[in-house]
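Enquirer: Before anything else, here's the structure in question.
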């Protein structure tokens, strides 16, 4: 339906409301689906008119449209069911269960069973989750609060919750104006016209000899001037505009450049009176990291407008309590992908987990499987999609702040969060550029593999840098940028010297498109006011000035052969356009059809093979043949795409990168692309046969079974994460032979002398009894320890000539740090026995706060000032383990000594959920932000997996213990997730094990034999390649995580003085550096902290043991804990 027809419905709704046709108003709201009357909906819910509630909702959404819709219908039907139970109307309750609630059983069978069991209770409030259910009135009110949040968050209700601002009786006014026009056209207008009907046009009868008065004196006509006839408002179309002036040719200036700017002209027909910008949509409980953007006004600040979705953000980012239900990924209203031509990439071949939301992507111009990615938190990643390996990951950092302008320094202090707006390769792939949302452009040189180096950093624009591109005017490689300061700038790519500044836009410049034709180099630019301008490299001003369809965010691109020009734009009210331009005439040649009525974000597009156009819209990828305006096909990528996904073809068009929800990138492939990726798999399997990684295979199975197809397996094999298996394409047969020779002489690396490694005992200004907890800060420049006497110790490395990075190192001692006030961070101990207390802490992502407890209240400390910000949750029960939610620092999982886990919201000071599944105190908690689960472990040696959407327990398993050891013997069991977020490490005094999460299956296990000392603690290295484990006899062992085989042993004599060699001093805790995979630290039972690194000449801890019998593991997948010496490598 056209926008004017839609507005006509609003006028009719206003008219009906003013005339008190109340039932008809709501019927039209429902049938048109244009306006959801929240007040009416609330009234019907409060009155319990459930049939009318669902009937009204059906005009806007269906049960299975998306997660929000399903949750809305579920809550309504659940309330209806509970009210029937409350009235003891069992037949009605059964009827509701069978007819209304049964549909949800396919999505959550356990929940449906639990609801069914309520029938067996005399009072459903006996169910713990419903124990606080009050009376019907209050329950409806509580439910309504949740329903409103869900409706506001639901993309299907976008633009439907706000009635347009209209003057009273707007429809009557328009009719009167129409009658005025009709009367003005009468040949013999009467002074007091008699309007008898609206069904036909008005016309005055003969004057009977009377002279008609002037229209100016006619009170009906007022002061309206005489005008020609106007065509009527069509039922489904806009007014026809008057003809535009003949447009100036876009290409005319190319053959004979002129310094005189052409007059501004229209790019085509202008729709009369387009719909106004909707009111800003509210985002309920949106996490702080959410990259969503409300509809901005025309003069709003342009920060990351190019890439952030308008209105409601992707479903995964909304902080609404959802049912743990998944849906098929079929895009709304699109047919399946079977109609797509074979040469379109339509098969999901890879799914990569980037870690933050992709905002821009670009394939290498030569290496067809090398993908560059920029994200909403300023990260850049370089992926080899063939092997699913992330070669490089870099976070945003200003290289030299002293050279930055004061506005930039002030902007970074005020708002340190920086997004990537665009990443792009140079034509030969030797450089790539990154444009950020704050002033900065960074250029890197690329030398193959993971070798990228800093090249240039340019403080390019005041405000955001919205686009970046490369061009070669006069055969000199240049970088073109544009920004919020309304300028386009050209920089020398070798030196960073500014060559040109183009000024003339009156709004922030959104995109640039350099090109050349007939030996003339030029640049197209688009701005947020919809203006398209063209520039020569001569500083003589813009050569053309056109209006882009949509008149807001527009990008331009040529076909691969440079002969056809296209643009893609999205207007402020969400209407999107892809058009082809006639360059010779400067006019739109064709407009492609098939966009959603209101795009849910700024649409991105790309071209391929000189034949196809593609755009990300409506949770899908839409394709057009360049020569036909009709939509060719739409592909949903097996579901899970963003509302307006970012897309990018590789140069051959065989692969298409598409951004999805939950920070993933899907790689779509055609038959050529699949063959290309298959060659990587063959090469990888051949070059890595001695190191087959069973865990990587299990990761794939885990991801699939969890409904995250390929999401977890994509993070590369555990064997290859440290660079050992990278660039497998370049592996020569001689390397395999060399490896075989080494395997014959491999032996365990023993470190027994201080000279065999770099170790350092940290200086001690304050003596403590023993170190109970230990962690490196996330920045990697400090270590935080919690002692058994509830005091925190902090050591910081200083940046100086000997330590240019300021990072932790075993080569230089740090300073034990305290604020000038001299205060200590000391936990509340209440009346607890220090020996019985279980100390625990958790550090925030930005290292600013630490949450800590030592048997008493939980304390929140400021890490800069050591001040206590808050204390809460006095015992009993006492906290025994703390973990921050990975997506929201305000949510904390707290393990308690009464065996429960409390999900606590710091902001509102409220326990949201209490999880029960263990029988003894909680000793470990770990979140997976890929699988959306929490894994817990306890002193009962039990492992539990909890869904973080509804906090239901998914499965549990008791850790197998050695024969002869009773399960009742208390011992801490700790858990830590692998980098792939699909596997986790289990640490018990009797064993190390790696488990697959979704099935809770043990994939690898290393057991402590009876003659050996127990394990005290263990942790993954930062890249999950290694496992560091400490033992009661003071040895520290380093294992390869791929197979849990021992590769290096650090004996006590290497770091403990001789005076302590016969004592009982040993490591209680061990911590890995967050960026250096071969650095770790231990906290000792005598209160000391030691940091370890291998010798610089070695660079790593020993050599991975060779494969046995063609396997990466010399042990069975899950040997018994009591395995004999022949089953286990010696320690």
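Residue numbers in this text run from 1 along the chain shown.
Note: Cβ is positioned from N, Cα and C throughout, glycine not excepted.
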Enquirer: Among 214, 244, can you tell me which residue Swiss-Prot lists with the annotation phosphoserine?
Expert: 214
Enquirer: Pick from 266-285, 286-305, 306-325: which range does Swiss-Prot record as region 'Disordered'?
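Expert: My reading of Swiss-Prot: the region 'Disordered' range is 286-305.
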Enquirer: Using Swiss-Prot as the reference, determine which range in 1068-1099, 1100-1131 is annotated region 'Disordered'.
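Expert: Result: 1100-1131 is the stretch Swiss-Prot calls region 'Disordered'.
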Enquirer: As a test: from 353-393, 548-591, 766-805, pick the stretch that has the greatest number of Cβ pairs under 8 Å with the repeat 'WD 10' (833-871).
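Expert: Of the candidates 353-393, 548-591, 766-805, 766-805 scores highest.
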Enquirer: When the repeat 'WD 1' (353-393) is classified with DSSP, how many of its residues are helical, how many are strand and how many are coil?
Expert: 0 helix, 23 strand, 18 coil
Enquirer: Could you put numbers on the helix, strand and coil content of the repeat 'WD 5' (548-591), residue by residue per DSSP?
Expert: 0 helix, 24 strand, 20 coil
Enquirer: Who are the long-range neighbours of the repeat 'WD 15' (1060-1102) in its own chain, taking Cβ under 8 Å and residues 6 or more past its ends?
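Expert: Residues 722, 748-749, 756-762, 764, 767-780, 783, 785, 787, 793, 795, 807-811, 1016-1023, 1025-1026, 1028-1034, 1036, 1038, 1047-1048, 1050, 1052-1053 contact the repeat 'WD 15' (1060-1102) from elsewhere in the chain.
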Enquirer: Checking distant contacts: for the repeat 'WD 9' (766-805), what same-chain residues at least six beyond its ends satisfy Cβ-Cβ under 8 A?
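Expert: Counting only partners 6 or more residues beyond its ends, the repeat 'WD 9' (766-805) has Cβ contacts under 8 Å with 812, 814-818, 824-829, 834-835, 837, 839-841, 843, 845-847, 850, 852, 854-856, 861, 863, 866, 1068-1076, 1081-1089, 1091.
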Enquirer: What mean pLDDT score does the repeat 'WD 1' (353-393) have in the model?
Expert: 92
